[in-house]
Amino acid sequence: RGWLFWRVMACGRRSGDSKRQVILFILCVCVCRSGTETLRYSLPEEMERDSFVANIAKDLGVPLSQLAARKARVVSDGNEQLFRLNQNTGVLTAKESLDREEICPQSDTCTLVFKIFFENPLQLIRGELEVRDVNDNSPVFPEKEMVLKILETASPGSRFPLESAQDKDVGINGLQNYSLGPNPHFSLAIGTAKDGVKYLELVLQRQLDREEQAELNLLLTATDGGSPPRSGTAQVRIVVVDANDNIPVFDREVYEVRLAENRPLEQLVVRVAAADPDEGSNGEVRYAFTQTSERSRQLFQLNPTTGEIRVAGNLDFEEAKSHKMVVKATDGAGLSAHCKVQVEVLDVNDNVPEIALTSLTASIPEDAPPRTVVALFSVRDRDSGDNGRTECSIDEDLPFSLSPTFDNYYELRTNAALDRERTAEYNITITATDWGTKRLSSRESIFVQISDVNDNPPEFTQELYTMSVTENNSPMLRIGRMKATDADAGKNARVNYALVGQEGKEQPEVSVNPETGDIYILRPLDYEKVRAFEVTVRAADGGSPPLSAQAVLRVVVRDENDNAPVLLHPPPDSSAAGELVPRWAPSGYLVAKVVAVDADAGQNAWLSYELAKATEPGLFRVGLHSGEVRTARAVTERDAARQRLIVLVRDRGQPSRSATATLAVALVDGFSEAHLRVSEEAPAAEPDGPLTLYLIASLVCVSALFLATAVAAVVVKVRRARRSETETLPTFPTIATESNAGSLPRSYLYDVCFTAGTVNSEFRFLRPLFPCFPAGLPPGPGEQRSSVCS
């Protein structure tokens with residue numbers, strides 16, 4: 001109907017006529033209303049399997065393509081599915097041959113109810129199929145021979161009931177007529193009871209005479225109204241009995257009993273009683289069923305002596321609501337009387353509700369909107385009244401609800417947002433309960449899977465990952481792993497890792513495994529060039545569209561002792577540095593200072609100094625951490641004039657690295673005495689006074705000029721050294737230069753030497769050494785900052 005509605009409206013829009021649109025809309029409403037009526041069909045019984053019933057697509061006006069697209073299917077009421085719907089042709093067929101007598105044994109009309117379901121949107125159409133009766137059963141008498149004992153004194157007009165024939169067919173195909181074979185004594189009377197059941201009586205037309213004929217054999221024929229008609233026969237044997245004055249008499253003509261179903265076996269239903277005032281065998285009464293259906297004979301048992309009727313089978317209200325029986329009481333002489341027993345079966349709540357699942361969506365996405373239909377089912381209770389009235393429920397703590405629709409059908413819908421990460425599967429138990437006094441219930445479990453939707457981005461276990469690597473590492477060295485998890489499932493939880501490129505930055509030194517998140521160093525690192533760097537790693541899932549998260553990876557380069565100490569003073573490329581020490585130098589006299597730095601860091605840059613070799617080992621000593629070379633004792637005349645010292649500079653790395661500095665020391669005699677004599681005798685030499693003054697002035701000028709030249713040379717050399725270090729040598733760490741591993745000489749040392757016996761014969765000026773301190777590092781005690789350090 002929904003498809004037809006939109007087709008009609010589309011035609012109206014194309015026409016462009018508003019009046020025509022209104023007319024088409026009213027016509028569509030009429031068509032929709034007519035679609036709500038029940039489809040009714042009929043089919044003769046005993047047809048072959050897969051017999052044609054109807055063309056559903058044609059009757060509903062639905063295109064064949066819609067049948068498969070909307071998953072059209074047919075569902076029969078009850079547990080057995082009797083029909084089949086072909087979605088390709090729209091033809092409804094009967095799956096098996098239908099036997100009306102088997103399907104509807106207690107009903108004159110046999111109607112099978114079915115429903116046709118459509119999805120997208122959900123639609124239900126009710127249908128009924130009437131199974132028409134065919135004349136496939138002949139009338140059958142309960143007994144092939146019926147024996148009647150009739151007194152010869154019976155007067156004409158007396159009536160004697162006979163057993164009726166049974167025909168399982170109904171209507172015109174059912175039992176229609178009886179006939180009796182030609183005879184001179186009896187005729188046949190056919191009557192109809194209030195309930196429409198035909199009964200049969202034998203009417204005496206002429207007086208019997210036992211002495212003339214003791215027995216008579218009659219042929220009774222029952223005929224139905226089918227085409228061609230069917231018939232059944234029975235023999236009626238009449239035994240003529242001598243006169244018996246009294247016949248049995250029942251105390252009631254009709255016994256009415258109300259009995260609840262499911263009564264236990266052998267329970268007393270009623271006791272019929274007939275009295276016969278005759279004596280002897282003529283007064284002995286025996287009871288038997290007559291004109292009673294075979295089903296009633298199976299359900300009830302009659303005691304032939306006492307007349308007690310007891311339950312012999314399972315009484316079922318749903319099968320038959322009442323049972324009618326006729327009891328014949330016969331005395332010893334063969335005289336009989338009849339009474340009727342009517343048993344009304346009362347309904348008992350003995351049937352639990354039956355849940356039949358019609359449609360089920362086994363898996364729904366977690367982003368399904370509320371009110372999404374998950375399942376469609378029906379509930380049936382075979383009881384009647386409140387015993388057959390049902391209600392359904394599910395657990396309240398589930399995000400689902402039940403909605404009654406029509407014809408005892410219910411829809412299971414979602415009523416809240418679903419989250420697969422919280423609950424991936426629901427076991428929904430549907431409970432159907434009737435309204436009986438003793439309420440019965442049944443349960444049906446439905447498993448609903450929640451399919452995953454990519455609604456969770458990956459999450460790193462840390463926002464910042466710190467990993468370390470030792471410099472001079474091997475290429476493609478694995479240093480750790482970054483881990484991200486995704487709460488989704490399947491491909492939505494499959495995480496891939498990648499580096500996030502940053503504009504303006506060089507290619508990173510690391511790579512990440514896209515599947516495992518392992519971090520690798522691409523090439524060897526140099527601590528002296530790069531001490532630490534950071535990159536950003538993105539983790540993206542496999543959803544569509546993918547979701548991602550980022551984390552920062554910080555790689556710290558650990559120092560390795562790969563740099564030996566570098567000598568700053570004395571320069572390593574020079575020959576042995578020369579130092580002058582006066583002969584009067586006391587113990588602890590500062591001779592020189594060895595200055596070295598190490599480009600490594602930490603313990604690898606901690607330097608220590610020791611005297612490796614000396615001409616006279618006991619004369620000099622070296623400060624372990626300062627590198628200062630001092631006299632270990634006072635200088636004596638016996639000490640050699642030329643001393644050669646080798647100072648070993650060693651770091652504390654494992655293994656340690658070292659360098660050596662060579663110092664040449666000259667012990668100068670008379671250095672201090674000549675200096676004193678010049679100081680004392682200068683005022684007394686009058687003739688040489690001006691000359692000495694000129695010499696001193698010249699010495700000062702030359703010294704100043706030499707000092708300026710030396711400073712300029714040092715500045716140029718330092719700048720060249722720094723430029724060459726920048727180009728060829730590693731950059732020295734701040735730690736190394738800031739350590740107290742060494743410093744320049746604490747003072748400028750000028751030695752003036754005079755030849756013995758004169759004060760103006762020879763001058764010697766020693767080049768001073770200027771220490772350079774890093775910016776921000778103050779000079780040590782007694783040390784001066786040189787102006788040439790830039």
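The first residue you see is number 1, and the count goes up from there.
Each residue, glycine too, has its Cβ placed from N, Cα and C.
The following features are taken from TrEMBL:
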- 76-141: domain 'Cadherin' (DOMAIN)
- 142-250: domain 'Cadherin' (DOMAIN)
- 251-355: domain 'Cadherin' (DOMAIN)
- 356-460: domain 'Cadherin' (DOMAIN)
- 461-567: domain 'Cadherin' (DOMAIN)
- 581-685: domain 'Cadherin' (DOMAIN)
- 693-716: transmembrane segment (TRANSMEM)
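Summarising model confidence by region, the domain 'Cadherin' (142-250) averages a pLDDT of 87. Between the domain 'Cadherin' (76-141) and the domain 'Cadherin' (461-567), the number of CB pairs under 8 angstroms, six or more residues apart, is fewer than three, so the stretches are not in contact. As a summary of secondary structure, the domain 'Cadherin' (356-460) carries 4 helix, 54 strand, 47 coil according to DSSP.
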